[in-house]
Amino acid sequence: MWWVQQALVWLVLGAAFTAALNFFLMSRGPPLATILSHLQSPPSSSSLEHHSLHQQVYLRGEVYALRNSEYLNWNQKNRTGITNAIHALYDHLPGVKVRHRTPSPHLHSLIHTLRQDITTRGVSSDPWDLAKKWANPRSLVPGSAHGLGDVLGALATAPIISSDVGHGGTQLKIFLLLKGGQRAVFKPIRYLREEIIEGEIYDGADRHNGEVAAFHLSRLLALPTVPLAVGRWVSLRKHILPVASKELATTFFKMEGGEVCFYGVCYYCNKNESVCDNGATLEGVVTMWLPPHLPLTQLHHPWARTYIRTKLAPWEEQPGYCEEVRQHVPYSWDKSPRLLDLMDAAVFDYLIQNGDRHHYSVIAGKLESAVILLDNGKSFGDAEVDHLDILAPILQCCRLRQTTYERLLLLTGGGLSLAMQELLNLDPLAPVLTRAHLLALDRRLSHILAALSSCRERLGGWHQVLF
């Protein structure tokens, strides 16, 4: 039976070849596009169910993605200005996850303090005046904000005296004047909580819930430069249209089903992009306007994008770009507060995935002004995608405030998602973020700490990184 013997020989050779091929592939390790990563999750809690997940990481380059996307695969830029720093970040990521896998014992004290500021009411009979007294060029809300509940409550319920178009900008909004003389901005809902915004990091309309989440995140990070924001339900028919300016009123119309709609005035505003109520009310966010004694001015962000697919910005091509930035005022001073403010902003923007900060705002005429973190609606677009280029300021400058770093450590081990859910549950629009978006905050926090850990190694110690 010569053919049986020959078949056995071929079977043996095939098995040997398969084993050799498997050994070769295993020795090479998985390709970057299909890395399996065991993501650390914090211990379970009654309010946010955490459990260990073995999730597939489809991209682990400039974009870190937990789901497959042809667009993300196709759109990798491989920017030389940040490539090596991102590789170093990934080298330090496993160790960071191990070191910071448990929550801080001080977390619940922080959550309790921040919650109490919101839940305590009746502190002030004039919430607008209270908020005005709080605001200064370095902070819009104090660390201990007794009366914050009164201010947020007034923003969510105070009668609307007048409404007008939101002149300027690209996004739909309405300027409001609330009873008592407080000015505010209303942005309506454009997406359901579960919707995924694909494409460039700056694509899509503003997410109103992102503005709410951004305000509470700023308090958790001790970066009190985000304007107060709270969810609110309004009736276009009863609350907005009767007090609308003529210019705003002309953009209102009624659907056959009885829904009231409007499209406002802005760069992208048109009737085809109208927002309608549900026949009764419309969900949105109200953001407090800064007081008159704090006029804003805008400056070009050194790490702005070009918004041209075929053209890279200098920071995307030059690893040493930070040194060039530091040659210019106001970034040239030793331990420049403005440069450290931009590092804080990079941490904040990476967590919420806001890649649209092409300019930044400061208080006009105040050299000591902090960076005011306005317009945070281009955030929380995709819970399974992290654009690491938002961290470019930290990856290239390798510096951060010591106080910011310590607050990040306090929120590790799943603490950030837990604290955010506790605070967001107090908003009228709760749930503000999906569970996936909450857990993404923890994942992104580990990326920030890994970036700083790689900086410490590169520069020779924390004393060269933390200021």
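Note that Cβ sites are derived from N, Cα and C of the backbone, with glycine treated the same way.
So that you can see what the record holds, here are the features copied from TrEMBL:
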BINDING   GLN171, LYS187, THR287, MET288, TRP289, LEU290, ASP375  ATP binding site
BINDING   ASP206, ASP375  Mn(2+) binding site
DOMAIN    252-458  domain 'FAM20 C-terminal'
ACT_SITE  ASP356  active site
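All features noted in TrEMBL, drawn onto the structure.
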residue: GLN171; record: ATP binding site; Cβ contacts under 8 Å, 6 or more apart: LYS187, ALA205, ASP206, CYS266, TYR268, GLY377
residue: THR287; record: ATP binding site; Cβ contacts under 8 Å, 6 or more apart: ALA184, VAL185, LYS187, GLU211, PRO227, LEU228, ALA229
residue: MET288; record: ATP binding site; Cβ contacts under 8 Å, 6 or more apart: ALA131, VAL151, LEU155, GLN182, ALA184, PRO227, LEU228, ALA229
residue: TRP289; record: ATP binding site; Cβ contacts under 8 Å, 6 or more apart: GLN182, ARG183, ALA184, VAL185, PRO227
residue: LEU290; record: ATP binding site; Cβ contacts under 8 Å, 6 or more apart: ALA135, LEU140, PRO227, LEU296, ILE372
residue: ASP356; record: active site; Cβ contacts under 8 Å, 6 or more apart: ILE201, TYR202, ASP375, LYS378
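Pairwise Cα distances among GLN171, LYS187, THR287, MET288, TRP289, LEU290, ASP375, which the record gives as the binders of ATP, peak at 19 Å. Cβ-based neighbour count (10 Å, all protein chains) for LYS187 (ATP binding site) stands at 25. Counting every protein chain shown, 24 other Cβ atoms lie within 10 Å of the Cβ of ASP206 (Mn(2+) binding site). Averaged over the domain 'FAM20 C-terminal' (252-458), the predicted model has a pLDDT of 96.
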